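Visitor: In case it's useful when we look at the structure, here is the feature table from TrEMBL:
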DOMAIN    1-111  domain 'Kinesin motor'
BINDING   Gly85, Gln86, Thr87, Gly88, Ser89, Gly90, Lys91, Ser92  ATP binding site
Amino acid sequence: NAQLVVAMSGQHTMIKDPNNASADPKKFIFDYSYWSHDGYTEGTDGYFSPKDSKYADQKKIFNDLGRGVLDNAWKGYNCSLFAYGQTGSGKSYSIVGFGGNKGIVPSICEE
């Protein structure tokens, strides 16, 4: 029986101890904190559209991160985008995407 122990709100990510429900969650603050576990509807083209503002679709990720990289590249700056994290956490999905959900790199190439 798996239980959801991660919650996100704005820049904040909270992790609850599954073995101690009364313990305060661990709180972390990031420049960006994205929720993609649920809260979307799948369109006929396979694109995952947000049902509410909690879900971050690929377009939001591109607008928050990829657009700035691209703008600076057009200004002549050297740019890089680095994805780091645990296996299965969504790095390849965010960078490359899948099906109708194009990642940051294909979106940059289309701009």
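Cβ from N, Cα, C; glycine included.
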Visitor: Using the CB centroid of Gly85, Gln86, Thr87, Gly88, Ser89, Gly90, Lys91, Ser92 as the ATP site centre, which other residues of the same chain sit with their CB within 8 A?
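Guide: For the ATP site, the extra neighbours are Ala83.
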Visitor: Give the mean pLDDT for the domain 'Kinesin motor' (1-111) on the 0 to 100 scale.
Guide: 92
Visitor: Give me the DSSP three-state residue breakdown of the domain 'Kinesin motor' (1-111), ordered helix, strand, coil.
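Guide: The domain 'Kinesin motor' (1-111) comes out at 29 helix, 24 strand, 58 coil.
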Visitor: Using all protein chains shown, find which of the binding-site residues Gly85, Gly88, Gly90 scores highest when you count other CB atoms within 10 A of its CB.
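Guide: Result of the Cβ crowding comparison: Gly90.
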Visitor: Can you tell which of the binding-site residues (Gln86, Ser89, Lys91, Ser92) has the fewest other C-beta atoms within 10 angstroms of its C-beta?
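Guide: Sparsest of the binding-site residues Gln86, Ser89, Lys91, Ser92 by Cβ contacts within 10 Å: Gln86.
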